[in-house]
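Annotated features, as they stand in Swiss-Prot:
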BINDING   H20, H68, D157, H161  Fe cation binding site
Amino acid sequence: LNYEYSDLEPVLSAHLLSFHHGKHHQAYVNNLNATYEQIAAATKENDAHKIATLQSALRFNLGGHVNHWIYWDNLAPVKSGGGVLPDEHSPLTKAIKEKWGSYENFITLFNTRTAAIQGSGWGWLGYDTVSKSLRLFELGNQDMPEWSSIVPLLTIDVWEHAYYLDYQNLRPKYLTEVWKIVNWREVEKRYLQAIE
């Protein structure tokens, strides 16, 4: 991480982050590495059935790692600019205003759609390189958009482990608070790379 566990307080506690990053995310990394090893062994043995049965574990753990990796970079301590929106003349601001009218409208829609995910999942803001537009996604479990044309700009984790220690069952409250530590500089950097 680019910050200490305590740096995101009071929005996310060090206690929560130590479990979320140190245990949950690490488990995805460990399981992903184990799955790669099993696939390599099955490939060496020419065991197509075993390779096929490992695909769901590969997808789940790779998604868990990638979604979390993006999420951690999407957060920043308030003292380091977390929660500070991009300049009103920035390309990202223009794109968000063109699509949703304002950051407030965007955040309200993002939160409404993401809070409605049944069970665990992720809210995503992505840039579609084909339609040249911003898109919102609500994705279950550790899924990611299926289209290779989608560049991830922002992910918000709504698995219970992302908020339960601090917010209990109040997912909407967590979604409201997390914007106070969104690293908009990182989101904008990804957007600028995507539109090149």
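Residue numbering: from 1, along the chain as shown.
Cβ coordinates are placed from backbone N, Cα and C, and glycine is handled just like the others.
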H161 (Fe cation binding site): secondary structure state under DSSP, collapsed to three categories: helix
DSSP three-state assignment (helix, strand or coil) for H68 (Fe cation binding site): helix
For H20 (Fe cation binding site): DSSP state (helix, strand, coil): helix
Per-residue Cβ crowding (10 Å cut-off), top of binding-site residues D157, H161: D157
Other residues, Cβ within 8 Å of H20, H68, D157, H161 Cβ centroid (Fe cation site): H21, H24, H25, Y71, W159, A162
